[in-house]
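What TrEMBL records for 82-101, 133-155, 162-180, 222-241, 248-266, 272-293, 300-323, 329-349 is transmembrane segment.
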Amino acid sequence: METNSKTEEETSRSRATTAQCVLNGLRLCTGDMEHMDKYMQGRFFVLQLVLWGLRGVSRVILANNPLSGALIMAALCWESRWQALLGTVGVLASTITAVIMGQDSAEVSGGHHGFNGMLVSLLMGVFSSAGDWYWWLLLPACLGSATCVFLYSGLSSVFHHWDLPVSVFPFNTIILLYLLCTGSDNPYFPHLPAIPPGALGPNDTKLIAVEVIRGIPLGVGQIYACVALGPCLLILGAVLLYSPLLAVHALLGSAVGTLAGLSMAVKPDFLYSGLSGFNGSLGCMAVGGLFFTFSWRIHLLAIANAFLSAYADIALGNLLGTVGLPACSWAATLTTTLMMLLTGSLAAYRIPVSQVMAPEDNLRSRSQWEAGNTAERESTDV
């Protein structure tokens with residue numbers, strides 16, 4: 001009997017040890033993975049560049065995890081090898097430009113200079129009417145991505161006074177300038193004109209419920225201009241790896257954006273493809289735990305920002321679509337910036353830009369900070 005009890009105790013201990021090892025391994029792969037930066041110090045520049053680039057890839061969707069970046073690159077390859085190549089060229093061109101310009105090393109290693117360049121390259125490929133593997137497109141992709149670094153550096157000195165992130169202002173600016181410069185009839189770099197979301201056709205009055213629901217996860221993938229369900233789910237998995245809370249808000253924001261599109265009777269294609277939801281997804285993620293400490297009030301604020309981003313996207317899409325230009329992510333960028341300037345009781349939940357981490361880490365840090373303040377007050381009471 002004693003032998004059996006000892007065997008059971010050893011088995012339970014080994015299981016507990018195994019479970020603890022699995023949890024520790026998951027912790028190493030989730031969140032910001034800051035230990036990777038320490039590990040890469042002193043390594044070959046190429047290896048460091050890969051790490052910085054993968055962080056830049058994940059920064060597009062507000063994450064900061066190189067493994068998430070690797071999953072997203074796999075999703076882009078699954079979606080289109082040409083788009084994956086353009087994205088790689090964009091993130092490398094902007095990151096190398098930042099290194100040459102001597103930008104802040106923490107910003108470079110954190111991928112802050114890579115994600116705008118990647119978005120510029122991806123959107124150039126999406127709107128190009130020359131088809132895939134049009135090698136001349138790599139030229140404006142490199143130049144546009146490099147130019148994002150100049151805009152980012154210039155805007156950061158202005159936004160720093162209000163403790164605001166530069167976000168994707170460089171991307172939104174550069175891609176519109178590129179499309180305005182080239183035009184749909186350009187002999188070298190022609191592009192497809194954008195269609196306003198409110199331009200309903202004669203057969204656009206009926207909706208397919210299954211396709212509308214399918215458009216919710218597609219809204220998350222549309223942040224990377226993905227339109228296939230498999231790659232979009234892989235991108236959502238990459239967000240889940242970084243932060244489950246962020247992944248929940250990504251889906252919630254896309255659902256809110258789809259609901260807003262339904263209420264405004266946008267074209268069914270915008271609902272089916274996820275175009276109606278991606279700005280809502282970005283707006284909901286930015287507020288719901290990333291730049292604000294998560295709470296039930298911030299959760300409601302994130303939903304409100306998702307609605308505001310979605311409606312602003314429809315308005316800007318109808319306005320810019322009259323001249324054949326896309327609204328890109330201007331809506332989510334502007335509304336989130338507005339939310340970060342709020343005053344009142346909600347401003348207490350605002351996280352300084354330099355201290356932003358994964359939402360779970362933000363919540364843990366705030367709990368520790370509040371506990372420390374409480375202990376300090378109790379110790380000073382007379």
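Placed from the backbone N, Cα and C atoms, the Cβ positions cover glycine too.
Unlike curated records, TrEMBL annotations are generated automatically.
When Cβ-Cβ distances below 8 Å are used as the criterion, the transmembrane segment (222-241) is approached by residues 29-30, 58, 60-61, 63, 65, 67-69, 71-72, 74-76, 78-79, 83, 87, 122-123, 125-126, 214, 247, 250-251, 273-275, 277-278, 281-282, 329 of the same chain, each at least six residues removed from its ends.
Taking residue pairs at least 6 apart in sequence, the transmembrane segment (82-101) and the transmembrane segment (329-349) share fewer than three C-beta contacts under 8 angstroms. Contacts between the transmembrane segment (300-323) and the transmembrane segment (248-266): present, as 3 or more C-beta pairs lie under 8 angstroms, all at sequence separation of six or more.
Among 82-101, 133-155, 272-293, 272-293 has the largest number of CB pairs under 8 A with the transmembrane segment (248-266). Within its own chain, the transmembrane segment (272-293) has Cβ neighbours under 8 Å at 61-62, 165, 197, 208, 211-212, 214-223, 227, 232, 243, 245-246, 249-258, 260-261, 266, 299, 301-303, 305-310, 312-314, 327, 329, 331-333, 335-336, 339-340, 346, 349-351, 353, 356, 359-360, 362-363, 366, counting only residues six or more beyond its boundaries.
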